[in-house]
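Accompanying notes for the structure given below.
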Amino acid sequence: MAEGLVVSTCLGGAFVGSMFSGWIADGIGRRRAFQLCALPMIIGASMSAITKNLWGMLLGRLFVGTGMGIGPAVAALYVSEVSPAYVRGAYGSSTQIAACLGILVALFVGLPAKEILGWWRICFWVATIPAAFLALFMEFCAESPHWLFKRGRGAEAEAELERLFGGLHVKYSMAELSKSERGDEADAVKFSELISPRNFGVVFIGSTLFALQQLSGINAVFYFSSTVFKNAGVPSDSGNICVGIANLSGSIIAMILMDKLGRRVLLLGSFLGMAIAMGVQAIAATSFVSSSGALSLSLGGMLLFVLTFSLGAGPVPSLLLSEIFPNRIRAKAMAVCMAVHWVINFFVGLLFLRLLEQLGPLILYTIFGSFCFLAVIYVKRNVMETKGKTLQEIEMALLPQQ
């Protein structure tokens, strides 16, 4: 129960952070939002490092979770708004690669924990370093021209556009911004706007994509990977590193293909591959396969699942949503969709082992595989391609459908 609380408290904090991320990003800007999200990460990790009891650990994890909830939504917004259209997909995928690298580094940092007493405290102190770097180096980064223009600060938007793209592109970029923005929308966006007939369609698509991403079982696979490797006689540390490498490899391939094949193709291929991988794991759980064959299928299916997830279902939703939402509601809509993500993540983590015990792996993996197939159908029917289009072009294309 205590171990579960340490994990779920972090996810609960992430839900709270994600709910407020849009209002924070719109209120103080994307750059300051990054710096603000680093603060609870530093405080929380420090509290966990020095705590003497469970309650101190839980409070620290709650702080870290809050920062973790704010960060991804702001990152997706920022990258989409400062990137040129022709490489926006690659830049958007780079955040997924950074996350994979972070996970791998964390695994290596944690390796001595079994041998050295109290090493876990060092791990928490190490976690404060990237958060401090984020807060420091964002001071030297450009602010989003989209946010500045939306706040009526046109001159500052021009200056940042020149800093980002060079003087030759300023006039064209400002004209693009003017197509969909009045430049005087400093007034607050109300929640009712997100569920208005004009915006409900895209917000629903975004929430559904994140829901299907989590219901595919990706976090369940991550949680259960150590047990699968242990059953196969592979040390859990080595197994987790293999999962991390598969995740990183897929993310790098996704970055290369994102602006060539497009978001929609990668999403379709990714969810289809995940459904097949879940099918392989379900077959491994049947009585028709020998024990050695079942282990091989289970290992292969799990690594294939992680690889295909990182090709599309992992990096695409946050990038795609930051592209399809109109500028006026973009930050708030991302906040709502990320909140859906964290809620389902929380319940999958909470219920997975219990469901595995009651239903067995065959039925559970079949359910996850069914959600993957459902995602293929949903993407095919509802998701538009955004490759190579400016944010304004995408917004104008979606307006008639809203």
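Even glycines carry a Cβ here, placed using N, Cα and C.
Feature annotation from TrEMBL assigns domain 'Major facilitator superfamily (MFS) profile' to 1-387.
If you look up TrEMBL, you'll see 6-25 (among others) marked as transmembrane segment. Same-chain residues lying 6 or more positions outside the transmembrane segment (6-25) and placing a CB less than 8 Å from one of its CB atoms are 33, 36-37, 40, 54, 57-58, 61-74, 77, 147, 331-336, 338-339, 341-343, 345-346, 349-350.
Long-range contacts of the transmembrane segment (62-79) within the same chain: residues 9-22, 24-25, 30-31, 33-34, 36-41, 43-45, 47-48, 88, 91-92, 94-95, 127, 131, 144, 318-319, 321-322, 330-331, 334-335, 338, 342, each at least 6 residues beyond the stretch ends and with a Cβ under 8 Å from a Cβ of the stretch. Annotation source TrEMBL lists transmembrane segment at 62-79 (among others).
Here the transmembrane segment (91-113) has long-range neighbours at 72, 75-76, 79-80, 83, 119-120, 122-123, 126-127, 130, 237, 240-241, 244-245, 247-248, 251-252, 254-255, 258, 310, 314-315, 318-319, 322, meaning same-chain residues at least 6 beyond its ends whose C-beta is under 8 angstroms from one of its own. The transmembrane segment annotation in TrEMBL covers 91-113 (among others).
What TrEMBL lists as transmembrane segment is 119-141 (among others).
Away from its own ends, the transmembrane segment (200-226) comes close to residues 194, 236, 239-240, 243, 271, 274, 278, 302, 305-306, 309, 313-314, 317, 320-321, 324-326, 329, 333-334, 336-338, 340-341, 344-345, 348-349, 352-353, 356, 364-365, 368, 371-372, 374-375, 378-379, 382-383, 398, 401-402 of its chain (Cβ-Cβ under 8 Å, at least six residues beyond either end). The feature transmembrane segment is assigned by TrEMBL to 200-226 (among others).
The transmembrane segment annotation in TrEMBL covers 265-289 (among others).
What TrEMBL records for 295-321 (among others) is transmembrane segment.
Taken from TrEMBL, the feature transmembrane segment applies to 333-356 (among others).
Per TrEMBL, the feature transmembrane segment maps to 362-379 (among others).
Counting residues 6+ beyond its ends, the transmembrane segment (362-379) has Cβ neighbours under 8 Å at 208-209, 212-213, 215-217, 220, 264, 267-268, 271-272, 274-275, 278-279, 281-282, 285-286, 313, 352, 355-356 in the same chain. Taken together, the residues of the domain 'Major facilitator superfamily (MFS) profile' (1-387) have an average pLDDT of 87.
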